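Report on the structure given below.
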Amino acid sequence: MALLHSGRVLSGVASAFHPGLAAAASARASSWWAHVEMGPPDPILGVTEAFKRDTNSKKMNLGVGAYRDDNGKPYVLPSVRKAEAQIAAKNLDKEYLPIGGLAEFCKASAELALGENNEVLKSGRYVTVQTISGTGALRIGANFLQRFFKFSRDVFLPKPSWGNHTPIFRDAGMQLHSYRYYDPKTCGFDFTGALEDISKIPAQSVILLHACAHNPTGVDPRPEQWKEMATLVKKNNLFAFFDMAYQGFASGDGNKDAWAVRHFIEQGINVCLCQSYAKNMGLYGERVGAFTVVCKDAEEAKRVESQLKILIRPMYSNPPVNGARIASTILTSPDLRQQWLQEVKGMADRIISMRTQLVSNLKKEGSSHNWQHIVDQIGMFCFTGIKPEQVERLTKEFSIYMTKDGRISVAGVTSGNVGYLAHAIHQVTK
């Protein structure tokens with residue numbers, strides 16, 4: 001009270017001698033942002049924060065979207081370390097990159113995605129720009145659609161899709177819709193529902209497709225299903241917008257993972273494509289990605305490139321150099337590229353092995369449920385089919401953290417904790 005009283009006295013004295021001070025204090029106390037509400041927490045980051053606070057030695061974080069080794073530790077690829085050493089030895093400068101990014105990186109990215117002998121590359125009827133990882137590629141693509149896709153503002157996403165797809169396209173001014181994709185009854189691909197919904201999409205709309213390792217379900221169409229989807233997309237004159245964040249990381253074979261993209265192009269469908277090197281090179285914090293537009297001819301590609309640069313310039317001017325140099329060094333050095341391909345396969349194989357071990361351990365626990373979908377799904381993520389109330393029990397009783405929809409990151413499962421996970425899942429689902 002004494003302090004409060006003295007504060008009032010001092011304030012009064014200051015006002016008496018300096019009337020302007022009171023007005024200044026009042027001005028400082030007012031706010032421009034009183035109307036701004038607290039935003040909701042990110043669901044995945046919220047899982048990580050809760051995990052960090054848990055003191056249980058057996059705790060598991062199955063929400064994180066980053067690869068972990070079999071000890072549960074972050075993994076830097078040896079090929080990345082070698083590339084970094086080679087770059088450091090060159091003593092390169094830190095000058096700005098061009099607006100479109102590192103030229104050799106862009107060329108190598110297009111070759112990785114489309115195949116080195118692809119007709120599109122030989123004819124030059126494409127443009128690839130370096131972006132700030134996959135998210136940046138999506139945003140550049142969304143903004144390009146908003147400005148130049150004059151036919152429609154409608155973008156159709158698979159249901160469900162990566163959570164960031166909606167705000168990226170919505171904030172770029174596009175209208176979001178969905179088509180059936182995941183079947184919760186089978187924990188697999190709703191092929192019939194997808195075809196039915198795609199057939200009803202208005203002509204000249206945009207359809208977003210996950211090239212491989214669908215996030216969050218881990219459910220991918222088979223090649224024969226992709227063929228039917230491509231036929232329908234072409235027949236209905238839809239624009240195919242591919243998101244490929246996991247090339248090589250899904251099956252362990254980069255060509256296999258890019259099959260859908262290449263098939264669509266072979267069928268005469270001019271697509272656009274987003275790439276990320278976060279997962280398949282472990283360059284999460286380097287933010288390395290690319291955005292490619294396949295065009296009618298080389299002249300059209302030049303015009304599209306000029307407008308992509310105009311979009312990029314006020315957004316971030318030009319992309320960062322370090323990650324692009326790492327990726328480019330790996331992709332353009334035959335020995336490093338071969339080593340990297342083996343390392344990517346090793347990461348993919350570990351995740352596939354963890355899926356198999358989890359199902360095997362569930363059977364050992366005596367689970368009567370059919371867990372085949374865990375093995376059938378592909379990539380980092382798995383839609384387990386576990387219900388929200390069961391997820392809550394896993395967290396409270398076993399310190400196992402995941403998103404409420406039952407999605408787990410298989411990268412967080414190791415040979416040391418897979419048995420514990422299987423036991424916990426059995427306990428809450430029996």
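Start at 1 and count along the chain as shown; that gives each residue its number.
Backbone N, Cα and C define each Cβ position, glycine as well.
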Further substrate ligand in Swiss-Prot, beside Gly65, Trp162, Asn215, within candidate set Arg393, Arg407: Arg407
Sorted by sequence, non-Gly65, Trp162, Asn215, Arg407 residues with Cβ within 8 Å of centre, substrate: Gly163, Pro216, Met380, Phe381
Which of Lys82, Lys396, the listed modified residues, has fewest other Cβ atoms within 10 Å: Lys396
Taking residues Gly65, Trp162, Asn215, Arg407, which bind substrate in the record, the widest Cα spacing (Å, whole number): 12
Cβ neighbours within the same chain of Asn215 (substrate binding site) - under 8 Å, at least six residues apart: Gly65, Ser161, Trp162, Ala245, Tyr246, Gly379, Met380, Phe381
Integer Å distance between the CA atoms belonging to Lys82 (N6-acetyllysine) and Lys107 (N6-acetyllysine): 21
By Cα-Cα distance, the member of modified residues Lys59, Lys82, Lys159, Lys404 nearest Lys296 (N6-succinyllysine): Lys159
Rounded distance in angstrom between the Cα atoms of Arg407 (substrate binding site) and Lys59 (N6-acetyllysine): 17
